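Annotated active site, proton acceptor per Swiss-Prot: Asp285, in sequence order, evidence recorded as sequence analysis. Swiss-Prot lists Val124, Ala125, Ser126, Ala127, Ser128, Ile129, Ala130, Gln131, Val132, Lys150 with the feature ATP binding site, giving sequence analysis as the kind of evidence. According to Swiss-Prot, the domain 'Protein kinase' annotation covers 118-500. The transmembrane segment annotation in Swiss-Prot covers 501-521.
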Amino acid sequence: MRFLRFLKIFFTVIRFGLDEMMLSRVNDRRVRLLLRITTIGRKFDAPPGVRLRLALESLGPIFVKFGQVLSTRRDLLPVDIADELAKLQDQVPPFESAVAIRLVENALGAPVDVLFDDFERVPVASASIAQVHFATVKAGQHAGKAVAVKVLRPNMLPVIDSDLALLRDIAVWAERLWADGKRLKPREVVAEFDKYLHDELDLMREAANGSQLRRNFAGLDLLLVPEMYWEFCTPTVLVMERMVGVPISQVETLRAAGVDIPKLAREGVEIFFTQVFRDGFFHADMHPGNIQVSLDPAHFGRYIALDFGIIGALSDFDKNYLAQNFLAFFKRDYHRVATLHLESGWVPPTTRVEELESAIRAVCEPYFDRALKDISLGQVLMRLFSTSRRFNVEIQPQLVLLQKTMLNVEGLGRSLDPELDLWKTAKPYLERWMNEQIGLRGWYERLKIEAPQWSKTLPQLPRLIHHALAERHDNKRGANDDMIRQILLEQKRTNRLLQGLLLFGVAVGVGAVLARAFLALAYGG
């Protein structure tokens, strides 16, 4: 089976001339001679990117998804190929309704007619991983609720594992033979794709992502996220509240319904930056099919988010890196942008900051001939990632996912309102986040988080030091030196914390006394 699949891949490569694309960059002279022989009599009119896209489409949904993931790696691929791969559509015919019903019944342990009323046999959506049916809950606490039932395609895992094994083999050979193999890191790209696919195969994980996003936006009149009905959720079946809206791409329909389109564009950007800089947790598959607008009078004009299989997460370090980069960029402080890249640890330490600064200036300076509203933050990130190739910068997967999502958000926003000033909308979020992190409030919040742990550690330090010294004396192990250094470092950190707490307490006390004295003088008390 695997051999037959390999043969199909081989003949597809020959058919679309991908061997010419790949082998032309191989260093081995014998391979280049073989290329000259195999290309005799073959002529390809279509550009390389188009041929690659057509080849992936002919190999089936797993390779289509691989191409979609590759399209986000603009730090690795030429722009023309990345743009062409972005056109790949994850659309496949639905599987039989009888199979879907059997899968639901096996997963939930009861007949569909017992669980649901009006289970629609024809799916409303179908993709390579799953398809969706509408239904109504029959009994229990959610009786009468209209729901969407997402069902994982049957026998997906063996197919995926087989294709992934072949992709891993191809990646090994590409890295060994291709001139760009080491820089493009094909094995790492395949490993990233492996994780991405297996995450999508777990619908419980998707339900948890949706539940988290719903909780994050509770109380805000910005985004509607369906409720997950956990009693009906398993790794292969997901049941959630049914939300019906108009796809965001149908602008004329929305305008005719009375939706405020410029306001919708601004709120879309606001939703994105709230996810990124407030929550560090963002919907990373924001194409028009997954983003709709409610026309329900109770939630008129509000966004609806669907499909939570791909979610990005950012650490405080990532958010700080992004915020400072964007702020430095708009101040045209390229030295700061270069320094941030070096401080991140993702640039080789031998890199000269002046050389990196010069390259970043060459990328960014042309943008300032335009109005701020015409500057694409996603394009800025993309150009910076492209520059990173020259300096062997290690781009983090979560930032690549963010850049792809940012391009989607900008595209959606400007399709709604061509005059949308993304920077004007984003800047308050960046500045607010920086103030919260660097100011007194940020210091106090971190203090509250760390203080309990340090208060537990402090009383144990004398015993730990005594134990480490005794063990060192007995065993004379060099490894204990590291332990002692770590303990002493922890003690220094704890001392700094206690000093900070003391100073903070004194400052608060003095402030209270001065405030009381001022009030007494002011009011004669």
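Just so it is clear, glycine is given a Cβ too, placed from its N, Cα and C backbone atoms.
Feature map: Swiss-Prot annotations on the structure.
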residue : record                       : Cβ contacts under 8 Å, 6 or more apart
Val124  : ATP binding site             : Val132, His133, Phe134, Ala148
Ala130  : ATP binding site             : Lys150, Val151, Leu152, Arg153, Leu203
Asp285  : active site, proton acceptor : Asp307, Gly309, Ile310, Thr405
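Residues Val124, Ala125, Ser126, Ala127, Ser128, Ile129, Ala130, Gln131, Val132, Lys150, recorded as contacting ATP, have a largest CA-CA distance of 14 Å. Its own atom aside, the Cβ of Ser126 (ATP binding site) has 17 Cβ atoms within 10 angstroms in the protein chains shown. Here the Cβ of Ser128 (ATP binding site) has 18 other Cβ atoms within 10 Å, regardless of which shown protein chain they belong to. Model confidence over the domain 'Protein kinase' (118-500) stands at 81, taken as the mean pLDDT rounded to a whole number. According to its DSSP assignment, Val124 (ATP binding site) is coil. Residue density at Val132 (ATP binding site): 21 other Cβ atoms are found within 10 A of its Cβ, drawing on all protein chains shown. In the three-state DSSP reading, Ala130 (ATP binding site) counts as strand.
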